[in-house]
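Read the structure below first, then the notes.
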Amino acid sequence: MTHAPAPEGIDEAAAAAADESIAKPANFGLIFAALMLTMLLGALDQTIVSTALPTIVGELNGIEHMAWITTAYILAATVGMPVYGKLGDLMGRKNIFLTGIALFLVGSVVCGLAENMGTLIAGRALQGLGGGGLMITSQAIIADLVPPRERAKYMAPMGAVFGLSSVVGPLLGGWFTDEHSWRWAFWINLPLGVLAFFVAAVAIKLPRKAVQVTLDYLGTVLMAAAVTCTVLFASWGGTQYEWSDPLVIGLGAGAVVAWVLFFVAEKRAKEPVIPLHLFRSPIFNVATLLGMIVIGLGMFAIVGYMPTYLQMVYGKSATESGLLLIPMVVGIMATALPSGAIMSKTGKYKIYPIAGTVIIMLVAYLMSTLDVSDPVWLVCVYVGLAGAGVGLMMQTLVLAVQNDFPASEVGTATSANNFFREIGATLGTAVVGAVFASRLTDQLAASIPAEAAAKVGDSDSLTPALVRALPADLRETVVNSYQEALVPIFLYLLPVFAVGLVLAFVLKEKPLADTADWHAENAPAPESTPTPVG
């Protein structure tokens, strides 16, 4: 289902008229600001509660349900992504986008008012249902308004938002918790979300599509089951439960069965939520795998484990370790913005995933050489380089996918690409976490004398505060064990990134279109209301 470039010899006046018919609206700057704001809100709420969790579970008496505060949001957002993408393609994106904002705001109110863990978790799930729509539909709306070649310079800052949220989220959540109340991590969404809602409602003008909509209920349910089993299997295995625990084994088996049934259902569905013909596109397959392998592992392994490394090895506070990740945001923006501008001028994108993968491979090697005696600034340099690699790739891959499909499938293709990247990030982070936990347990057992083991405790109960309180000689042993457990894992990732590099070279370069058949589909048309069916 790829589209062809405009035929050679096309009348230049007709091409100019086609460009004019889909020229960006005069208020595009306002629209883009609203889209950026909603993407930031959706991405920010994945991480903003992380530093507030101890206070939240203390006030609501729910330590045993703590993980669900984060998991509920991620699950709902991940499941919602393909649904929003498909509905946007079928029904038009504006109302779907506004629905996502509304759900996100209602979920924020529920979380802000929550007096028990059950209510908070329900609110987080509702937030996630909306948040998945904010992140996906905003990217698809850009595709409705801007041709692929020019779109590159707008997709780049949208990609930088994800890196920004991973650093700003924990800092903002910690500041609200310390200075005001953890509830402000949710209340802050209301004025910003309402502003974005009204700007989008008034400023965005898109044709509504006159089609009958048949929802893929079976596919959606099976996808939700598959994602839930996969995420819980990856999150719980080796941490809350042993890998051999019947619950973890059951989740793994359930994930396999649910995924198989999901793809069978999609093959038979009239309007599948993830159409199988997407996988006939080599560009979609390669770009999606690259996102899962390089971005999922490269970005999330660093963001997930570097703050703790800084706290354990260098004795930094949670806030300081968060601030020390700012170089990642700087790195992302330093490469994403100029590469987007260059892609808009040249129409070529292939070099950027190649360069990004090479940089991340270099960073993985450099991080595998870290020693406890290395200065903190060196860690920050490596983190910044990782951001530079991610910045070259994140939205470039989305843009390549969008460029390979007609406008009628841009939302579906975009959401599927992001969906599988989220799955890759979840699985990658879980695998790295499991390997690290196993190595740390072995390192502590081998290096801590039996008589001192009681002071240290097991690896699950090891905290920065506990390490700082240990006697100097014992603290040094624990720090060295922590360093030896984590740092070599980056070397283990090199073969995985090498596979990513091969994929980057294989990725087909299809010149970014400035006049293509999707222009005609997006040209202004009389509005009509879609008729929901089923």
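Any Cβ shown, glycine's included, is placed from N, Cα and C.
TrEMBL: automatically predicted annotations, no manual curation.
The domain 'Major facilitator superfamily (MFS) profile' annotation in TrEMBL covers 31-512.
What TrEMBL records for 30-53 (among others) is transmembrane segment.
The transmembrane segment feature in TrEMBL is assigned to 65-84 (among others). Through the fold, the transmembrane segment (65-84) approaches residues 42, 45-46, 49-50, 53, 56-57, 96, 100, 117, 120-122, 124-133, 135-137, 220, 223-224, 227-228, 231-232, 235, 240, 273-274, 411-412, 415-416, 418-419, 422-423, 426 of its own chain, all at least 6 residues removed from its boundaries and within a Cβ separation under 8 Å.
According to TrEMBL, the feature transmembrane segment maps to 96-115 (among others).
Summarising the annotation, TrEMBL assigns transmembrane segment to 121-142 (among others).
Feature annotation from TrEMBL assigns transmembrane segment to 154-172 (among others).
According to TrEMBL, the transmembrane segment annotation covers 184-203 (among others). Sequence-distant contacts of the transmembrane segment (184-203) (same chain, at least 6 residues past either end, Cβ-Cβ under 8 Å): 25, 27, 30-31, 33-35, 37-38, 41, 45, 48-49, 52, 94, 97-98, 101-102, 104-105, 108-109, 111-112, 123, 127, 172-173, 176-177.
Annotation source TrEMBL lists transmembrane segment at 215-235 (among others).
Residues or ranges marked as transmembrane segment in TrEMBL: 247-265 (among others). Note on the transmembrane segment (247-265): residues 216, 218-219, 222-223, 225-226, 229-230, 232-233, 236-237, 241, 272, 276 of its chain, located 6 or more positions outside it, place their CB under 8 angstroms from a CB of the stretch.
Positions annotated as transmembrane segment by TrEMBL: 286-310 (among others).
Residues of the same chain lying 6 or more positions beyond the ends of the transmembrane segment (322-344) and with a Cβ under 8 Å from any Cβ of it are 51, 149-157, 159-160, 163-164, 166-168, 170-171, 174, 302-303, 306-307, 310, 316, 352, 356, 376, 379-381, 383-392, 394-396, 399, 512. Residues or ranges marked as transmembrane segment in TrEMBL: 322-344 (among others).
The transmembrane segment annotation in TrEMBL covers 376-401 (among others).
Here TrEMBL flags 485-507 (among others) as transmembrane segment.
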By Cβ distance under 8 Å, which residues at least 6 away from the ends of the transmembrane segment (121-142) in the same chain are close to it? 31-32, 35-36, 38-39, 41-43, 45-46, 49, 65, 68-70, 72-81, 83-85, 88, 93-94, 96-97, 99-112, 114, 151, 154-155, 158, 186, 204, 206, 398, 402, 410-411, 414-415, 418
